Structure formats: structure tokens, C-alpha cells
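Undergrad: A single structure is presented below for examination.
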Amino acid sequence: MRRSGTALSFLWTERVREPVDSGVAPVSPLGGGVILRRFSGTLLLPPLSSRLGSSGEAESAAHVVFTIGTQGTQRNLGSAQSSFDLENGLPGGKGLLDAQSGPSLGRALQPPVHHVQRRESFLYRSDSDHEPSPKAVSRTSSAASDLHGEDMIVTPFAQVLASLRTVRNNVAALAHGPGSATRQVLLGTPPHSSQQAAPTEDSGLQLVQETLEELDWCLEQLETLQTRRSVGEMASNKFKRMLNRELSYLSETSRSGNQVSEYISQTFLDQQAEVELPQPPTEDDPWPMAQITELRRSSHTSLPTAAIPRFGVQTDQEEQLAKELEDTNKWGLDVFKVAELSGNRPLTAVIFSVFQERDLLKTFQIPADTLLAYLLTLEGHYHSDVAYHNSMHAADVVQSAHVLLGTPALEAVFTDLEVLAAIFACAIHDVDHPGVSNQFLINTNSELALMYNDSSVLENHHLAVGFKLLQGENCDIFRNLSTKQRLSLRRMVIDMVLATDMSKHMSLLADLKTMVETKKVTSLGVLLLDNYSDRIQVLQSLVHCADLSNPAKPLPLYRQWTERIMAEFFQQGDRERESGLDISPMCDKHTASMEKSQVGFIDYIAQPLWETWADLVHPDAQELLDTLEDNREWYQSRIPCSPPHTMGSDRFKFELTLEEAEEEEEEEDEGQCTALNRESSELPST
């Protein structure tokens, strides 16, 4: 029984983890293999509501409200006064939900209320051509008309948990049928006076059959689970397989569609192109480590604290800059205007403003002149001649992350040290970016590719430069941190910046979606974030969202960012053309479609990421999803007519892994068997 392509619909109804007479009726599969699941509670994020002065480690008062269903039943899950440790979590073996008395300060992530039907991403389609979901009635774009009003479970591990919960409910229902007293004794459950109506004999047989099918599917998933394969990787492989099929279809529609498909596949699916072995450096070439050690000295001079400008930059338009930076806490700050008013120092101005807004200078005892020295040095190592990956982009990512960290669902969740690490990671995440891709550096045998063994080349370089600059004169903004704090911050920053490698996108998305959906189907539905792995996963996703936030910004800003990224792509394409290299996808200025690239980018990358983030922080990101959809429609309406793509040798071919190829063969065999059975049934009998 193949159920890997099934999307599980998740109903938000009233159920608590109680004995088997909780009133949950068995749920039957609907047509198309979609199964309705019932939710056991609201997804919660316990806060860290009080802080220690300069330690950066919060005192956690985890007062959590547990909201059930629509009737508002609540559980106060107390206050556990303890500090969070990155290595060991909460001390004394306590959990964030240890029951104590105290007022409720927690924030519940409420189930989505679909006031307006919104287009869903391709993640909610079937991942099997032979097992279409109810919405996959045509091979049009998955974002064209996929609308649903229920919360869908699509990650394999969460589906397994949901199926097992259905099995439990079915067994409970059978136990309440004829002879239920005997069955209750066997199940170890005392009989209760108030029971649901007992199922009839026919419905009982149907329930048994459905239960066996659920168990068969769960066993199939668990039997194929590899010992070194994480549950997040299960979802990642599924999403990659689904995206490959979507892109294969898109590549057949037109020549520009083929380019968009190739770009998305090579950029976001962690697929390395075949390249020649790099040649060793010649005697005339500089030593590779010079890329790190020979950093440019800052031209600024140290200023006394009293003389430091309000926003860290010398400008004769300080009042206009102050008015613009009033939007620092709002989504959609005009970074281009900030750059204009700050003398092309947007990163310094934005970070200086954010640090003051969050009182980080006082919390971590950072001298203002030291912060200014580091920021000016850091911004000086961003290339102003690079169209997109410059200090304006870094400032935009910093400000976007600052807003996301302040969303009501997360504003009291992370410690000051974690917030500092996230902002610092955003600040350095593209420093010294040369304006070309990792693959370009690998293909051209660059020194950076040699230094970092072709693995996240630019991301490793950004980290090395960002931390190296701390060694400059009066630049160490972390000098007053304890050794433990400094090591913890460095670990977090490394993890966050490496996660900005776009080839890791699908794995990051799968891990986040698996985390969110798994917590939804567990009995409490509480996202504890009580260990480093879970906390850094959310922070990595937050930084990744900030890095891919352009499509969710107001259209005038989004259009400027789009023009800049395309200009940078075209500059790389020109360099590749001059060097006799194959031109990378979307880098050929003669054939690339800006409009189609943005629609494809939103459909297959931005929307799946942002709708998953919106699930985590619901309902705080709903306006961003609306903006994302509006921006998509704007670019969609401006796609020029493109000639159909001929099935020539230049068509991009999608490669399947061995596992995916085996699944394809199984599906083809099943299809052939079905066809043969159909033909044999149509033969006249003799």
C-alpha cells in the first residue's frame, strides 16, 4: 500500500490527552487518499520572560497557556525558574513546562483560521504521479489553484505519528462496541458510563480495515527508515522529489521556464555540477590564505564617545535619517533610502539603531566606539560595486531578522545572547561577497574553493572574514563576554551563517516543517525549544527567512531588489561568456526572463518557506503571506509570451537519486500491472 504521496488533513477539534473515552470518533479516509486528522491541542512556544543583566542567559519564567480547541479550555503550565544553557538545556533535569503556580505569560500559536483562501505551495501536492491528491487534478503549476481550509500534514514523520494516533482512536472506538467491557479489560481501560454510540457491525469491520491500512502504511515507512537518516531528511528527500517533478513540468513549458527550472534545481537542491579537477596554484598566484589574512584596514579614526553620531554615521541629513529609521521595528524599512541618507553606510546605521533599540550595548558592555569601529570596518569589506550582495542587502537582512525576532510569538523566547548572535550572523553573512556564486568559484578553480574544499565556499569565507575583523584595532565588540558566552556565540553564528548556503534550503525547510508538524500531532502540541538543536534550528530558519525576505516586502522595494539580483546574475554571465564557460542558469541577459524567474522563485522557494514559518508564528506572519501573493500576481501578470520549448539537447535534465529511481521503477511497474489487468479484463471470454 503506497501512501508516501498522501497529504494528511489536520482538523483542529477539541481533544486532550485523556483516557480512551475522550469522545474522538474514528476518522475515515476520504477519496484520493487524504485522511482527516484531529488535533490534540494548540502549538505553544514557552517564553523566556526575564533576563539576566549582562550574562546573555535568560532566567526562564515559562508560564504557558494550553488552549484546547474552540472552547478555550486552559492549562496553566507554571513557571520554572531556571537559566537556559546552550550545552545542557535547563538545569536539574527540569523542563520548561514543570508545573508551578503563577500567572500565565505564555503565547499560544493558535490554529490557522482561514478567513481568506490563500494559494498553497507545491508541498501540498501528491509526490506520486500514480497517486494524485484531490487537488492535483491537472498538471498546472502547483501554486495556481491549490486552496484548502484545513491544516495539512505533509512531512513523513508527522504523517506516521498522525496515522498511529488514528489507529489508537480506532482501537478505542472498537473497545466501545458490543462486548466493550471485555475489550476494556483486555486493553487495561476501566469502563465508563458515558460512551459514544457503539459502531455497528458493518462500520466496525470498515474500521478494522482502515486501521490495518494505517498500520501497513506506518510499517512500510518505518521499515524503509535508514539508521543514519533523520526524520527531517525523510521530508527533505520527499520535497526534493516533488520539486524535481514540478520543475520537470515547468521546463517543458517554454525556454524561459527551462532556465528557471535549471536555476532553482542547481541553486536550492544541493546538486553539484560536474567540473574539471582544479589545477594547483602557480608561483605567481597569491597564497590562498591571503584571502583571509590580508584584510583591508579601515580608514576611520577613533572618536570619543561624546562625539559619536546618533546613528554611527557622519551625515548632514541626520534628521531625515532619524525619520527613516523610525521604521526600524517595522516590516519594510526602505534600506535604499537609509543608504542615501547615511552616506552609503546603511549597515552601520541600521545595526547601530538595532543595538540601541535592544539595549545590547549595555547588556554586553560593548563600548560605543568599539561597535562603531567594527561596523565601519565590516561595511568597508562589503563591495559597493556588487549590485546585490552589498552592505544594503546585509542591512536589510539584519533589520528583517530584528523584526522577526520581535514578533509576538518569539519576542520572549530567545536569550539576549541568542539575539546578539542572530543579529551578528546577519551582519556578516555576505561580507566580502565577490558577486558570483559558489558554483562559479568552483568551476573557475578559485583559491576560496580550494581553501574550503568546494563546500559552502562563500559562507565559510564570510564567517572567516567576519570573525577575523574582530581582531582589528578596537574592533572586538565581544571582549567583555565570558569565555563560555563567546564560544557559545561563535558556535551559533557559524551554524546560522552556514545555513544561508542556498543549496541547504530544502533540508532546512524540511527540518522546520517536520518540527512544526510533529509538535502539532503530539499529545500536548507544545514546542518546548529546551535544547540547542531545536533552538538553533528556529534561529537558522529565521535568518534564512530574512535572507529570502525580498518577495515578502512592499512591491517597490521588491522590484528594486529583483533588478539588482538580475544585474548581478548578468554580470556573472558576462564573465562566464568571456571565459568560454557555460553560462549559469538565469545569468544570460539575452534569454533570461525576470518576471518568470520571480514567479518560479516564489512558487517553489519563497512561499513554501514563508508558509512554514507562518505556521510556527501564527498568526503573526499572515500579512507577509498576503504581500507575497500580491507580489507574485504582479510579476505573473507581466510575464511576456514565450515560445514553447523544443525538446532539444539543451533542455535541462533532472537527475534522480538511486532511491528515487527505484521508486519511479516501482510506480512504472504498478502502472503497467494496472494496464495489463485492465486489458485482460476487457478480453472476451471463450
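Just so you know, the numbers here start at 1 and follow the chain as drawn.
A Cβ is built for glycine as well, from the same backbone N, Cα and C atoms used for every other residue.
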Undergrad: Which of the listed positions, SER9, SER60, SER265, SER523, does Swiss-Prot note as phosphoserine?
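TA: Going through SER9, SER60, SER265, SER523 one by one, Swiss-Prot flags SER9 as phosphoserine.
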Undergrad: Of HIS393, HIS461, HIS505, which does Swiss-Prot put in the Zn(2+) 1 site with HIS429, ASP430, ASP547?
TA: HIS393
Undergrad: What residue among SER83, SER126, SER138 has an entry for phosphoserine in Swiss-Prot?
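TA: Among SER83, SER126, SER138, the residue Swiss-Prot annotates as phosphoserine is SER83.
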Undergrad: If Swiss-Prot marks one of SER584, SER642 as phosphoserine, which residue does it mark?
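TA: Swiss-Prot records phosphoserine at SER642.
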Undergrad: Counting all other Cβ atoms within 10 Å across every protein chain shown, which of the binding-site residues ASP430, ASP547 scores highest?
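TA: Counting every other Cβ within 10 Å of each candidate, the maximum falls on ASP430.
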Undergrad: If we count other C-beta atoms within 10 Å, could you say which of the binding-site residues HIS393, HIS429 has the fewest?
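TA: Selected from the binding-site residues HIS393, HIS429 on minimum Cβ neighbours within 10 Å: HIS393.
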Undergrad: Beyond HIS393, HIS429, ASP430, ASP547, what residues of that chain have CB atoms within 8 A of the centre of the Zn(2+) 1 site's CB atoms?
TA: HIS389, ALA394, VAL397, CYS426, HIS433, THR500
